């Protein structure tokens, strides 16, 4: 089976460095254009099912894909971004000043660090991997497309490449980047990672 994962398009909070977590933020104008460009880039491929995080920025990114293939968007809360509790809605600089004991959990991506009102990276990893593996079992020999968030993509990359959560990330994650995978038997292979050819005229923010 084949799996395509699209990271949602840009939001104003991405652009200003405001911590989103599971806050329901809409795409900005560039994010809408990015989503449209991603759909156009993928139009020659056949997709059998379309899933998305149930957060607005992901659902809005999935909309052009839904229209293109006449596929229903199936929202799943398991595909949401990292729940960041008291840090959500703050600029990174504000979070560092207001919560100096907590902010390093976010900034250093500590796998088991606790943020009040949030979840750990390991908890996010477990829900994300369980969800995507279940989807792969429901769609054997099909091509499914998932629209989700940078944190989920990071977890999935680690899972496929057997990289520990404690290891610092050295791969990039682009807004509206397209990544593709193939599952043969029980083994996953990365076919492409965070493609941005479709965004050359629009541009895309990236974070490491």
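Placed from the backbone N, Cα and C atoms, the Cβ positions cover glycine too.
Quick caveat, the model's predicted, so the values are computed rather than measured.
Per TrEMBL, the feature substrate binding site maps to 7, 8, 9, 10, 11, 12, 13, 14, 57. Cβ neighbour count for residue 9 (substrate binding site) (all protein chains, 10 Å cutoff from its Cβ): 31.
The annotation active site, tele-phosphohistidine intermediate is assigned in TrEMBL to 8. Sequence-distant neighbours of residue 8 (active site, tele-phosphohistidine intermediate) (same chain, 6+ residues apart, CB-CB distance under 8 A): 27, 31, 35, 53, 55, 57, 58, 60, 61, 147, 148, 149, 175, 176. DSSP assigns residue 8 (active site, tele-phosphohistidine intermediate) to coil in the three-state reduction, outside any helix or strand.
Annotation comment: TrEMBL describes 81 as active site, proton donor/acceptor. Residue 81 (active site, proton donor/acceptor) falls within neither a helix nor a strand when secondary structure is assigned with DSSP, and so counts as coil.
Secondary structure at residue 57 (substrate binding site), taken from DSSP and collapsed to helix, strand or coil, is helix. For the pair residue 13 (substrate binding site) and residue 81 (active site, proton donor/acceptor), the Cα-Cα distance reads 14 Å.
Cα spacing between residue 9 (substrate binding site) and residue 81 (active site, proton donor/acceptor): 14 Å, rounded to the nearest whole number.
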